[in-house]
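K.L.:
Feature table excerpt (Swiss-Prot):
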- A25, S26, A27, G28, S29, G30, K31, T32: ATP binding site (BINDING)
- 4-472: domain 'UvrD-like helicase ATP-binding' (DOMAIN)
- 503-785: domain 'UvrD-like helicase C-terminal' (DOMAIN)
Amino acid sequence: MSEVKLTPEQNEAIHSSGKNILVSASAGSGKTFVMAQRIVEKVKQGIEIDRLFISTFTKKAASELRMRLERDLKKARQESSDDEEAHRLTLALHNLSNADIGTMDSFTQKLTKANFNRVNIDPNFRILADQTESDLIRQEVFEQLVESYLSADESLNISKDKFEKLIKNFSKDRNILGFQKVVYTIYRFASATENPISWLENQFLKGFETYKSLTDLSEDFTVNVKENLLTFFELLENSLTNGVIAKKGAGRDKANLILDNKNELLEAISKKDFVTFTALFLSIDTDIRVGSSKDETLSALKKDFSAQKQDLVGSKSKPGELRKFVDKIKHGQLIEKYQKQAFEIASDLQKFIIEFYKTYLERKKNENAFEYSDIAHFAIEILEENPDIRENLREHYDEIMIDEYQDTSHTQERMLELLSNGHNLFMVGDIKQSIYGFRLADPGLFLEKYKSYDQAENPNQLIRLKENFRSRGEVLNFTNDIFKHLMDEKLGEMTYGKEKALVQGNISDYPVEAEKDFYPELLLYKENTSEEEIEDSEVKISDGEIKGAAQEIKKLIESGVEPKDIAILVRSKSNNNKIEDILLSYDIPVILDEGRVDFLKSMEVLIMLDILRAIDNPLYDLSLVAMLRSPLFGFNEDELTRISVQGSRDLRFWDKILLSLKKEGKNPELINLSLEQKLKAFNQKFTEWRKLVNQIPIHRLLWKIYTETYYFDYVGALKNGEMRQANLQALSVRAESYESSGYKGLFKFVRLINKFMEQNNDLASVNIKLPQNAVRVMTFHKSKGLEFDYVFLMNLQSRFNDRDLKEDVILSREHGLGMKYIADLKAEPDVITDFPYALVKMETFPYMVNKDLKQRAALSEEMRVLYVAFTRAKKKLYLVGKIKDTDKKAGLELYDTATLEGKILSDKFRNSSRGFQHWILALQNATKLPMKLNVYTKDELETEKLEFTSQPDFKKLVEESEKFDNIMSFSDEIKEAQKIMNYQYPHQAATELSSIQTPSQVKKRSYEKQLQVGEVQPVSEFVRVKNLDFSDFGSKKITAAEIGSATHSFMQYADFSQADLFSFQATLDEMGFDEKIKNQIDITKILTLFDTEFGKFLSENVDKTVKEAPFSMLRTDEFAKEQYIVRGICDGFVKIADKIILFDYKTDRFTNVSAISEIKERYKDQMNLYSEALQKAYHVNQIDKYLILLGGPRKVFVEKLDD
């Protein structure tokens, strides 16, 4: 094997030592390769691998690095000619599993467990990894603490009156949610510092102590104003010299009078004499802004100043930059009057937060369960307070290696300082890819070292890896052209010069000369909407954008590109559902890396939550009626109305059910035999469930409901059935997690879910088994570290998220708390009101300072997010956005005034831009970027839409699924249906027939028609759980149904073309089954299938095989004479020539081959249904039907069914 040729910089990064080293590794520069090779070189030099501390950002990255090291160490040993060196490499391989390679969280846990006695905790602590449990504990602590303060507990440090003022400053509408949000925000921020209590005590009020008036604000507050003033006067002077005023002489004296104030204004700003500045500026502002068209000066200045004047001065309704500054001054002069009161609120907030932090930590100690941040703080305390432990570790580790250093937090930085001996840090990262500010990572840590290490006198070393070995030149050049004009120190936190620019390193793979076919392509959907509607949407994406991308993706796939080589990157996962639905409509396989959204709002979960509420309290009418109306019991509007009129309007619906059952209501004659039987069946089941509430855990109750009512099977047959089933399983997992946390009782669980929904929170759903060759959909953040041949960036026009800049508190590490203060301006002379209060929410000085810092940091991070997204593409980048259709020139004239200031896009466009699309189009206008532009409309989309015929539409479940998703609308219908419908149905049998049936139900119904008195009722099939990652439900007994279900899932994903023990075992391991279930799947026996002729046929026709094919079919019941839908999923079929080979797996247990004929008879009707569906779908007459019997002794039996 030829040796990889290293660049000089890579070679330096691998071999340099004896000092702290910072490797600035651009995207695609091979940083993981460099780190792995450096470790191998250290081992060769005699450093044992367990003497290296290697920190990665994620567990996945740690796992991948271990695998890479195993491969590289083996390769190095094989190539080594030195026996001693080979021995070292062998020893490293042996110790690799024990090496300190992992996240900082994993290391701090290990350190804390080993030294638990130094921080007074139990060594058997557990991590509060489940958000639900930590939310529960935190909520309880918060509520108890608030209650204590409101009860006037004298032992506490805030009086009741002052505490009530504190709450009112952040909350409204008589609740404390606003205050609670503020407390949680501050707690989270403090937890990311190296010593939360110290920060809260010493830094939290620093801003209030520093910024008490306008004159305390930094030079940054006035520097832009000076620039804007100079620009303003320059415009006026140009107008006097070359403009309309010079030519016509109109208003020359008045203009000169304005210019006379120039020096006084500039001097007032320099001295921070804001009173003088305000008076002088407002006089100028009035001269320019006020007047009529007869005012010669005004008319002349309007012509000369045009848009630039508006930007600087503006009007009251739309103030310019200078007028905004004046407004800030006025605001500042007002807030100065209330600074003392605001400081008192801030001080009380500090006291409460400290008390909350300590109480919450004490509660976690009692539970012996901690958050990751707690463990990190314990670890820091252990190292700071115990020099012996600290020095032992420093002596033990020869080098401290940190991957993704740009995403390090201050807590992690403190850990590194404590572990390092001062000259053995090896840090790898890329400041341009620091995108985790929302997790409180601080890119400033990287930047500070980057600048200091670059100084000649600094003993430490900076190494730059600029070559990109991932992408084509077209992608790299476009990326460079964007960011060299976008980033600088002021905004972006760095200048994107030659040293930062990407350099193509894969010249042998991709040509240096640009090819226009690979130019990045900007797809703009021209939509019939206003600009406000477009820009006000932070993350909303239109169908047109997705369809435009889908058509391009379809073209790529048809040209031979594998779906797995294509990625769609989005700002937020909130659009995942829509993207998946549209891509599937184009027959494009798709994977949602972060799943579908709104788990708690999915209809199948909403129905189950109503059922739990009704079980907990049947007197809750809405949930009880929802339960009756749901597919589990199927009461229709007529039946519910008949029940409703059994009592007065104010009588509970549950009481009306009891009256109906006893025939003692107001209108007993309306409870016909059919409804009576239906009510009895419901009451029997409902009563049983209510009794079980105190006998079995909630998650087992849920599964009992799922299986007994066939509800799990039912939702699985609907559109997106696998995801619906995953949602139901997720609800069960959450219930189990809740109970394992020490909480018991259905009432508390329902209350918890209700609170989540009230606060618009969601819970994570369970992942389902995903197709391997599919287009990936993920957020920009999720894509970091990945690469794809073709990348689509969606929703470019969406606005940047500026919600954090509008919150009641904004925090900074240096200045602490910035908060808004609610003042009563009733006594102010300019305020006239008849109300007893004139409450106004104002920004305090620390808030203004923190807001400005946060805004710049947020825009800088947005630039880096865009950089990360661009650099995921190997071959081609697609940018997808949206514009309004009312614009001329395709809606792009907005950017005509975009200009460069030097090499950088003007501050006006960088600061005022609302999204990525603004930046890109502004630069396109100013610099002519190397990209294609394609503007398309809805009509063009429809015209160009492709027709796909690769597979018949088995999923004709849309109408029924929509009916299911809108099932809750029945409540309005009930209100309208108050008239008594006193009649018998002409088709009474139809009331007993479900409108939707599975093949199992059809089979059962077929049996029922043949039963004679005294015969045994047929047993229903087990419910199949398709495509699920099974969760651990404790030490319960594994049922035959679970084993059968898992076996079906395995058969679906097993690659029949590689039917061997190794391949099948690997597939089984990847599927994530519970270990107990996995051990019950007999792969050796399954492999005997491929010793048969039928098995060989399957392995030879994998490309013609369709597995897990859903279908729907309309049938007519012979007794009810009514139509109903049959839905199901057949395990698979093979289409060859003019016939179809249908097969279905059966896991029924049998020990004697004589039982096979009985099994064949049992499933004959079901297989005939599948056959009928395939005949209709493919218009094929010949369907050969086979049962693959997996439950027999020693081997798999294949049986053909007769027609």
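The count begins at 1 with the first shown residue.
Using the three backbone atoms N, Cα and C, a Cβ is placed for every residue, glycine included.
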K.L.:
Are there any residues at least 6 positions away along the chain from T32 (ATP binding site) with a Cβ closer than 8 Å to its Cβ? List them or say none.
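P.N.:
Sequence-distant Cβ neighbours: E64, L65, R68, D403.
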K.L.:
List the other residues in this chain whose Cβ sits within 8 Å of the Cβ centroid of the ATP site residues A25, S26, A27, G28, S29, G30, K31, T32, in sequence order.
P.N.:
V34, D430, L465, N468, F469, R470
K.L.:
Using a Cβ cut-off under 8 Å and a sequence separation of 6 or more, which residues in the same chain sit near K31 (ATP binding site)?
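P.N.:
In sequence order, the residues whose Cβ lies under 8 Å from that of K31 (ATP binding site) (at least 6 apart) are V23, A25, D403, V428, D430, L465.
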K.L.:
What is the number of other Cβ atoms found within 10 Å of the Cβ of G28 (ATP binding site)?
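P.N.:
Result for G28 (ATP binding site): 22 other Cβ atoms within 10 Å.
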K.L.:
Mean pLDDT for the domain 'UvrD-like helicase ATP-binding' (4-472), as a whole number?
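P.N.:
Per the prediction, mean pLDDT sits at 86 for the domain 'UvrD-like helicase ATP-binding' (4-472).
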K.L.:
Give the helix, strand or coil assignment DSSP yields for T32 (ATP binding site).
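P.N.:
It is helical.
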K.L.:
I need the most crowded of these binding-site residues: A25, A27. Count other C-beta atoms within 10 angstroms of each C-beta and give me the top one.
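P.N.:
For the binding-site residues A25, A27, the Cβ with the most other Cβ atoms within 10 Å is A25.
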K.L.:
Enumerate same-chain residues with a sequence separation of six or more from G30 (ATP binding site) and a Cβ-Cβ distance below 8 A; give 'none' if the list is empty.
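P.N.:
Within the chain, G30 (ATP binding site) has Cβ neighbours under 8 Å at Q10, L465, E467, F469.
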K.L.:
Let's check the environment of S26 (ATP binding site): how many other CB atoms sit within 10 Å of its CB?
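P.N.:
Summing over all protein chains shown, S26 (ATP binding site) has 25 other Cβ atoms within 10 Å.
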K.L.:
Within 10 Å of the Cβ of S29 (ATP binding site), how many other Cβ atoms can be counted across all chains shown?
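P.N.:
The answer is 27.
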K.L.:
So, three-state DSSP: helix, strand or coil for A25 (ATP binding site)?
P.N.:
strand
